Amino acid sequence: MAVIKLILAVVAIGALSLFPGTAEAAVMGPTMQKLTWHYYKVYNTCENAENFVRHQVEILYKNDTTIAPKLLRLLYSDCFVTGCDASVLLEGPNSERNAPQNRGLGAFVIIDKIKTVLELRCPGVVSCADILNLATRDAVHLAGAPSYPVFTGRRDGLTSDKQTVDLPSPSISWDASMAYFKSRGLNVLDMATLLAFTARYMAMIKLILSVLVIGAISLFPGTAEAAVMGPTMQKLTWHYYKVYNTCENAENFVRHQVEKLYRNDTTIAPKLLRLLYSDCFVTGCDASVLLEGPNSERKAPQNRGLGAFVIIDKIKKVLEQRCPGVVSCADILNLATRDAVHMAGAPSYPVFTGRRDGLTSDKQTVDLPSPSISWDASMAYFRSRGLNVLDMATLLGQ
């Protein structure tokens, strides 16, 4: 919990961890022979199979960047049941895809399109199971994650039974979810990425990078007034420190420090985003979450595992050398979060500045969802604050 991996890296980790360290069934499945590196090339059955898959994924990704999380969730839903045998693709009233846990599952059309192309090139050769694994790898790579090896040679399953789907329900608590994933060799990072997509409102899943920005932006417009200004804030201004000539290059200093920190640790993006959320949703964006003390906000149970404090400290130290006593930690947190998620590949977004730091911090004021809250209750909480399940999966997933 203390170390949150960058969301894009989690996508790759989530896919990789379906195999090593998990039950043997998730590697092979009952219908699979021994897997081989470049199976179709080695056995000369469809030499360019992987290139064909990659090319189709590139075409599809250009039109719809959400195929990455859609494919990842489909792969997870397949491999965690009877192994990676594509049985989740089979249709029927009692098939896996009709299990309650698989509601909102997508990407079926994607596999169908790729399979159609491969059947024209190499009829009856490449399995849907291999297509799903290869396509997921290529899609998350296009989304910005590192590529990872996929061994091939799977055979497709011929049966599919929704009674075999032993996946977490959307009503399961966060703690129960973590226990479930740990029992299968995964961790909370994988859980936040994979299980988040089981919510009933996830028919249209946005690309994870977009979610990062949406999560940050939506802390302001459309939320309670306290989340915009807070009791210690004056009216915010575009380029406040430049306009009032108090620290003209403040935003550049922040950006430069974030760039240096990001090069050494790409996980600072989700860390900062969660810290910003934990700050703004309490007494407004006043950096009160940064204050230390036995009864401070950062000591609240809901803020367990909260990180990025050192990041803000480092940036603040640099700014104090350049412009002593001028730039607030509240502005630093907002600017640094914007710059970090931008470095993670998301579009930048405007941040108005001129916040004043809060002087008090009380853990009793932290009205944030508890780790034991159910997924449905979490969604209700976030909707009541003008956010959606996409923001919930990004911000509450620890």
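Quick reminder: no glycine exception, Cβ is built from N, Cα and C everywhere.
Note that the coordinates shown come from a computational prediction; the quantities given were computed from them, not determined experimentally.
Annotation comment: TrEMBL describes 1-25 as signal peptide.
Per TrEMBL, domain 'Plant heme peroxidase family profile' is recorded for 34-219 (among others).
The transmembrane segment feature in TrEMBL is assigned to 201-220.
The domain 'Plant heme peroxidase family profile' annotation in TrEMBL covers 235-398 (among others).
Take the CB of Cys323 (disulfide bond) and look out to 10 A: across all protein chains shown you find 16 other CB atoms. Sequence annotations record features per position, and here TrEMBL assigns disulfide bond to Cys247-Cys323 (among others).
Cβ neighbour count for Arg274 (site 'Transition state stabilizer'): 23 (other Cβ atoms within 10 Å of its Cβ, all protein chains included). The site 'Transition state stabilizer' annotation in TrEMBL covers Arg274.
Look at TrEMBL and you will find Asp279, Val282, Gly284, Asp286, Ser288, Glu297 tagged as Ca(2+) binding site. According to DSSP, Asp279 (Ca(2+) binding site) sits within a helical segment.
Under the heading disulfide bond, TrEMBL lists Cys280-Cys285 (among others).
Taken from TrEMBL, the feature substrate binding site applies to Pro369.
Fewest other C-beta atoms within 10 angstroms, among the recorded positions Cys247, Cys280, Val282, Cys285, are seen around Cys247. In this structure the C-alpha atoms belonging to Ser288 (Ca(2+) binding site) and Cys247 (disulfide bond) are separated by 22 Å.
A simple way to gauge crowding: the CB of Asp286 (Ca(2+) binding site) has 28 other CB atoms within 10 angstroms, across all the protein chains here. Here the Cβ of Asp279 (Ca(2+) binding site) has 30 other Cβ atoms within 10 Å, regardless of which shown protein chain they belong to. Cβ-based neighbour count (10 Å, all protein chains) for Glu297 (Ca(2+) binding site) stands at 26.
The Cα atom of Gly284 (Ca(2+) binding site) lies nearest to that of Arg274, taking the recorded positions Cys247, Arg274, Cys323 as the candidates.
Among the recorded positions listed (Cys247, Asp286, Glu297, Cys323), Asp286 has its Cα nearest to the Cα of Cys280 (disulfide bond).
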